[in-house]
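*Asks:* As listed in TrEMBL for this protein:
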type	residues	note
TRANSMEM	B:6-23	transmembrane segment
TRANSMEM	B:30-47	transmembrane segment
TRANSMEM	B:53-73	transmembrane segment
TRANSMEM	B:85-107	transmembrane segment
TRANSMEM	B:113-130	transmembrane segment
TRANSMEM	B:150-170	transmembrane segment
TRANSMEM	B:196-219	transmembrane segment
TRANSMEM	B:240-268	transmembrane segment
TRANSMEM	B:288-306	transmembrane segment
TRANSMEM	B:313-337	transmembrane segment
TRANSMEM	B:374-395	transmembrane segment
DOMAIN	B:418-535	domain 'RCK N-terminal'
REGION	B:617-645	region 'Disordered'
Amino acid sequence: MTNLDAIEDTKRSKKVLVLFAHPAQTRSEVNVPLFHEAQLNKHVTAVDLYAEYPDFNIDIEREQQRLIDHDVIVFLFPLYWYSTPSILKEWQDLVLEYGFAYGHEGTALKDKLFLCALSAGGKEEAYQTNGFNHYTIRQLLQPLEQMAQITHMTYIAPFAIFGSRTAQEEHRVIQHKEKWVTLLNKLTTNTLNLEKAKNIENLADLCTAQGD
Amino acid sequence: MTGYFLYAFIYLVAAVIAVPIAKRLGLGSVLGYLIAGLVIGPIFGLVGDETVAIQHFAEFGVVMMLFLVGLELEPRSLWAMKAKLMGLGGLQLALTTALITGVALLLDQPFSIALTIGLIFALSSTAIVLQTLQEKGLQKTEGGKSAFSVLLFQDIAVIPMLAFIPLFAIPELVQAGNAHGGDTGSHDSFNLVEGLAPWASGLVIISSIAFLTIGGHYLSRPLFKFVASSGLREIFTATALMLIIGIAALMGLVGLSPALGAFLAGVVLANSEFRHELEANIEPFKGLLLGLFFITVGAGINFSVLSERPMLIAGLTVAVMLVKAIVLFVIALIFKIKGTNKWLFTLSLAQAGEFGFVLLSFASQNYVLPSDIISVLSLVVAISMFLTPGLFILFDKAIIPHYKNVKSQRAEDAIDEKGTVVIAGIGRFGQIINRLLVANDVNTVVLDIRAEQIDLIRRIGTKAYFGDASKPDILHTAGAHDAALLVIAIDDRETAAEMVKYAKHALPNTKVLARAFDRGHGYRLRQLGADFVVSETYHSALEMGAEALRSLNIHPFHVERQKMAYKNIETQQNDVLYHAWVDDASGERVDNNYLKLFIELESLIENALKADLHDKHSKMRGWTPPPKGYTESLAPDENPNRNNT
């Protein structure tokens, strides 16, 4: 790689913040491996929220600075009752303050990219209008989509892993990890097709190693 | 008298010079002592015939060593590793003994001599190998653990060997020895069982072993408690020595090996709360006596034999090490020990050991081996020990680089070792810490200086030991040098400070968590290097304050937030206050800056917690709603809800 390429490379590269929330990591079979992959990527800041704030005493100042320092914000979590684990809700309630994230002067998050990466125990067929859970994942995550919009961020489809309770038994973890690594690489190098990413149902479908 | 001083001085000078140099060169202390012996004996001839007499005395170090080996062996943990012990250790001993006996038979030795030689060479050097593994941080690897199992099995196997070898006594040698009137027979003059009928002597032997086991179990505890309550350290040391010497004497009286008795007593006391204190007290004696033993071995090496038959000795040494290495390699294959671990196991145990010397001198006393064979064999044992550091260097330089690419494998098996935690002080404070750790499957070693406290804690089923944790040697025997954490939970301010100081100086890899009496004491501990300090009453006082607020009908979650805010400010200001304290304490400032800052902290906390009378919110951030009328003020096109999607 020539120097020029390197400069070009850093210009294009995006800083990704992964906010990971899993309150029972000893039981995790999918999320923790994904989080470890995120830790290995040097353009990604991987934060274990339950480790940093075990007593939910979230440092608002520090979390806001983290948001300012990154271009892409990712929530990584297992789906609990069709939503995030509670610390991510607490994080929103505390960190996304009036005058910072929203309101007339609250533009700190303007034009950042926001997405969810989550694992769901149920199968993909269950998350359909006519399925067991009646709504698609994208529909269920609409509160977060609206959060992104009111904070002036660009919202793209979630990276969803279905059937996570049996992923290990069915030897799918490796394959999920590969897609996740591909996604992180596309995000950090800014090579994700955003138009497609905004409109599809599951970002994982864009993350085959061959490209889109 | 002056003559004794002179000899003692020569021995000590040799040890003081040679051992540190050998250690620095990576040769280990055992080789250092052997070299020291070589220098003062055969090379410069400073010491002479008295080495034999000293050697008999120094052999008592071996008795102590076996006592300590016994102390390390809780019957339960011994049982847990039985498969490895019997499998690896048993197979190594049996195969090596068989092969070497076979070779000796081929060299036209009679069977009894051949078998004795086989047994002697089957043993490896516990002292060299364990120490080297520890120095190189390899004792937790699979290869290191397997090597330990084999060494342990050998150490135990020595005891039946000591009982067994005298049966091979060669009649002609016995006669010759008796005719000589050698001093070796002198200890037999105190033999109680001599002249008794076989059944009576059997009864005496059995009852003395029963006395040792039962007495060790039931009498030692009240005795140690009585001595410990006096608080006199040297009397405890005297008690420990009295115990071992008494056992050795008893065993001698009934015609059993003192080493066997000491080992048994060690096992009996392994569960005792006084174990670590005993270890700490005996360890220096054992170390010095064993050192002396190795010096006398070095001094006794017969150079004339080496120069007369260099090819024979070199050939035998190479053959012994090769046979041992091949047996170990095959065992490693059978037990599926892989990669670098296989080579570590093979190379580390390929030498003969110090117990070889013990058996050799024992065999000579009991007229089992003729002296010309003994002088050749001692040279082979010594030279193979000299070569051991070379094998470890071979492992470091040739084997490890070869396996570099499979390094990840080793990193993985290191993770399951959580590391132990040494807790000093098991009063009201330490108990809670210990309970929390034990409930999470963390190995803890608990030390306390109050024997009655230890007694109480042990009754609840916690592993606790009597010992003065502020003494470096007791911390050492409790395993602080490779513990992950040292928790100092004692309530004596000065002692806690001294412990932090010592631990940070001597145990660089151990994290130190310390209990402080108050803020000033906490800063002092922090200054001395403690990694985490907490004032003993801080959290309970905060809880009590919170309960007071709740009792006054303030909303429990609001109280919780106030508590958090208190903690946050305390944490933020802590550094500033600490540095002011350091400046004041070192006399760099005389304006009582610390006091000023402390008053400032008080008002900071008060201001932060005080509710804002205007909107009833505290000044703390969190869950602050947007200003009243915010949504009405939004112009329709400004409303972010209507972004194009």
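A Cβ is built for glycine as well, from the same backbone N, Cα and C atoms used for every other residue.
TrEMBL annotations: computationally assigned, not manually curated.
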*Asks:* I'd like to know if the transmembrane segment (B:313-337) touches the transmembrane segment (B:53-73) in this structure, counting it as a touch only when three or more C-beta pairs sit under 8 Å and are separated by 6 or more positions.
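*Replies:* By the criterion, they do not touch.
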*Asks:* For the domain 'RCK N-terminal' (B:418-535), what is the mean per-residue pLDDT, to the nearest integer?
*Replies:* 86
*Asks:* Hey, which bits of the same chain come close to the transmembrane segment (B:150-170), Cβ under 8 Å, at least six residues off its ends?
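*Replies:* Distant contacts of the transmembrane segment (B:150-170): 66, 69, 73, 81, 85-86, 88-90, 92-93, 112-113, 115-116, 119, 122-124, 126, 129-130, 256-257, 259-260, 263, 349, 353, 355, 358-359, 362-363, 366-368, 370.
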*Asks:* For the transmembrane segment (B:6-23), I need the partner stretch with the highest count of C-beta pairs below 8 angstroms, choosing only from B:240-268, B:288-306, B:313-337.
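*Replies:* Per the Cβ count, the answer is B:288-306.
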*Asks:* Out of B:30-47, B:240-268, B:288-306, B:313-337, B:374-395, which stretch touches the transmembrane segment (B:85-107) the most, going by CB pairs under 8 Å?
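*Replies:* Ranking B:30-47, B:240-268, B:288-306, B:313-337, B:374-395 by Cβ pairs under 8 Å to the transmembrane segment (B:85-107) puts B:313-337 first.
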*Asks:* Would you mind listing the long-range same-chain contacts of the transmembrane segment (B:313-337), meaning Cβ under 8 Å and 6+ residues beyond its ends?
*Replies:* 87-88, 91-92, 95-96, 99-100, 103, 121-122, 124, 142-143, 146, 305-306, 345-347, 349-352, 376, 379-380, 383-384, 387
*Asks:* Which numbers of helix, strand and coil residues does DSSP report for the domain 'RCK N-terminal' (B:418-535)?
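*Replies:* Secondary-structure composition of the domain 'RCK N-terminal' (B:418-535): 53 helix, 26 strand, 39 coil.
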